[in-house]
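Colleague: Submitted below is the structure of interest, expressed as structure tokens.
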Amino acid sequence: MKNINPTETNAWLQLEKHFEGFDDFSLREEFKKDASRAQKLTLIDKDFYVDFSKNLITESTRTHLTALATECGLKEAINSYFTGAVINATEKRSVLHTALRTPQAHADKSLESNVSDAIASKQKMFDYVDGILNGDTLSANGKKFDTIVNIGIGGSDLGPVMIYEALQAYKNNMTLHFVSNVEGDHVEEVLKKINPDTTLFVIVSKSFGTQETLTNATTIRNWFTEKLEASAVSKHFIAVSSNVDKAVNFGIDHKNIFPMFDWVGGRFSLWSTVGMSVALGIGTDNFQALLDGAHEMDNHFRNTDFEKNIPVQLALMTIWYNNFYRAQSEAIIPYTQYLHRLPAYLQQAIMESNGKCVDRDGNSVTYDTGNIVWGEPGTNSQHAFFQLIHQGTKLIPAHFIAFAKAKYNQPDHHNKLMANFIAQTEALMNGKTRSEAKKDLERSGKSKDEIDMLLPFKVFEGDQPTTTILIDELTPQSIGKLIAMYEHKIFTEGIIWNIYSYDQWGVELGKVLADTILDNIENKEYADHDSSTSAILKRFGNLNS
Ligand SMILES: O=P(O)(O)OC[C@H]1O[C@](O)(CO)[C@@H](O)[C@@H]1O
């Protein structure tokens, strides 16, 4: 992979010049000028329809941005990514979540053994899941398991919970709970709801060293052994980890440890045995369909020209807004309750990956990286933060995601949902001019004084950019494809920003300091900090003494 400072490329210079022409850019005008704008700026890949035309771009913008991707060596980088080069250089690892969904027959020569290991580990998981679901594997007291508790955090929680929520329409009779936070109240609330006799606990931790997960797992195991024999632990607790020794030390039966691979990063691991709870909740056929959907997007990303490549063009939009418009954040608005955890999942995937201020040569970057993402499902978000997108002072590019077909036959609901989905992007783009707002007020019979007073508040500037991602139907396949689309978008941005997207050193500092502070709390030693930290420690200590 070449380390190229994007701002020193010819394409970047061209983009800077090109951007100067955007002072009086108007989407309304662009649509008026060119009747085929939508068609030209929409990409379709089978069930995915991605309309970029309501973005602050012209066809030339796309051309310049695509040239930037090329000049930054994206083509070679994609090849390195898919063939197992050590692109996570600071941790000396390949980045091969794509191998987890590759059929053996499609494996690159260099990756045949990774793919066959992945298939073997998936098969072990599937056999186990089938055994639990069909009742061949029973609880310590010979009962069928009916509840799963996933114990993990970060990538060992967010991916599984997001997918499980997304695929509620595909769930079986199993009830799933997710325990992630180290907060004891979170654990207690889950323990209140479950019967130890019929519950399977899945401890998910790549490192098997994460404070939150080990604390929760220990508390739950203690609770469990108060209710059932200690010997029942081996039937009720399983682990997903790449640190098999630590899992064994915790007391997990060797045959119930499902290994993860070093070459899969935590936040990209839902496709691996980390998906155990999801597979238990939706069954192995649906889990396989999820993988197949992701593989379909892998092929699209790897084999499609950049101009027509959905993840590449999505990434380039982020570069455009982040580095030229200097937008501070982006919103992700899924118009389905099923995807209510998608923004949280993407916050980890995107911000843990690309929140980096040092380039691949170890120098401080001189340009912005790491876009901030946030969001909530529509239509709820329309009644929450949309005011700021419509009339605030910030530019907030947004992804609008929806599924054309609903899961249940409620056409009245679905038509209303989709009407809002479509209307919002049109409203954000067009806004409302002063004269349009004035006409509306006149039509409503307001007096001249009232009109003069109200008019400034009724104007919408418009030109708030959106990308519409309309997918035929929410299925395990399309959800797999959607998540893989974002994974490749993240990769593309990291390549252009010349940063390492697959490490997460920034998480360490706070983690380490928390150990020291825990020591201080336990030993009531509050002095050895700045006055603010000491006072907070003391107040906490006094309230708990
Ligand atoms: O699976 P583990 O090792 O418990 O780690 C949990 C999470 O912690 C991190 O390492 C840092 O937050 C994430 O990348 C990871 O998903």
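Backbone N, Cα and C atoms are what each Cβ position is placed from, and that goes for glycine too.
Computed from a predicted structure; not experimentally measured.
Pulled these features from TrEMBL for this protein:
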type: ACT_SITE; residues: Glu352; note: active site, proton donor
type: ACT_SITE; residues: His383; note: active site
type: ACT_SITE; residues: Lys511; note: active site
Colleague: Over all shown protein chains, what is the count of other CB atoms within 10 A of the CB belonging to His383 (active site)?
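Modeller: Step by step: centre on the Cβ of His383 (active site), count other Cβ atoms within 10 Å, giving 9.
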Colleague: Per residue, counting other C-beta atoms within 10 angstroms of the C-beta, which of the active-site residues Glu352, Lys511 reaches the highest number?
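Modeller: Per the Cβ count, the most surrounded site is Glu352.
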Colleague: How far is it from Glu352 (active site, proton donor) to Lys511 (active site), counting Cα to Cα, in Å?
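Modeller: If we compare the Cα positions of Glu352 (active site, proton donor) and Lys511 (active site), the gap is 15 Å.
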